[in-house]
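See below for the structure under consideration.
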């Protein structure tokens, strides 16, 4: 089913009163650009694109979010000659590239190269997973190149486009639609740890287990590419990042909001909350004397909370606003992190994992809408999201290794927990100030 393209003038025209739109960004009833931009706000193509993007996130960040399984396996079995901090660099470089490559893939979406970028990214993702399956025990650099660099670039080619393309179909429901899309990564993080734990530590072993996951990803990515639909025509001229930055710097309301949101994203990754919990929670529950079977599912509990949080915040933000949603979620996440000091039983692990997953997932889900809804020219959404994600990627590069340095070979958890918990209110203060 095809949808007629709006004219270039209609598709790229900026609203007259950007400042008022920024103030009303959290209230869809006051931000009604759908008629002006000709956005359908629904239909088969629109929701099919949401489902396709959901699958892209499921196979991309969903797979990466299960790195705690690899961290546990590498630390205890496969890379015993490497330190926890060194092993964490694999996941951190992977996360950094997933975000920073968006500065290229987002620009290409604005230029009309959405389909080639998605196809290349999906093919490379399957290829590098198969290459990972060929690595040898204690082959740190083999794993670093295939999983850290190769897979990171591959997923990075699809990450920002799968989020930005939602803006071609939605305005009033954009926060809800983007929340559904990024919930795909949480659903993947629910299922992949269970699957990978049973495959890698079961009969198949590491090599065949990774190959099986690669085959599953290949099938789902193929379905996703059949569902994804662009709607707006490609821009006649390349989107200049210089122009995007210049226009953004002149929009005071946008800059204030971006300083808070982007600073939050940078510090969030640099201060290790998301990498800390996702990469180390499973190892933490094992070292606290809990059963190995339960510790395998600690990441699944964390991701289940994230799945519910990402699905929920889109609807909540319609009433309280996107900035308020981020601030409240951040403050509650801080309290949950401090509670991790008292982790001692299966119940405490489940409560902390689910709670932190829910509220941190809410923060992650609102980043895309916060940037896109403050972008007056729809033809610049891919570029702006890509730039913001690339800046945030600097923090993801450093987050988990910093946490590993706090952890040390003696597994001193309270230092990392205090460092992570204290920084959360600081980030919220930056957002309020912005």
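Cβ coordinates come from backbone N, Cα and C, glycine included.
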Have a look at 252-270, 271-289 and point to the one annotated transmembrane segment in TrEMBL. 252-270
Winner by Cβ pairs under 8 Å against the transmembrane segment (140-163), considering only 86-106, 113-134, 325-343, 349-374: 86-106
Give the mean pLDDT for the domain 'Major facilitator superfamily (MFS) profile' (46-434) on the 0 to 100 scale. 78
What else in the chain is close to the transmembrane segment (214-232), if you only count residues 6 or more beyond its ends and a Cβ gap under 8 Å? 3, 5-6, 11, 40, 45, 48-49, 51-53, 55-56, 58-59, 63, 112, 114-115, 118-119, 122, 125-126, 129-130, 133, 162, 165, 168-169, 195, 378-379
With Cβ-Cβ distances below 8 Å as the criterion, list the same-chain residues six or more beyond the ends of the transmembrane segment (113-134) that contact it, or say none. 56, 59-60, 105, 142-143, 146-147, 150-151, 153-158, 161-162, 165, 206-208, 210-211, 213-214, 217-218, 221-222, 224-225, 228, 230, 234
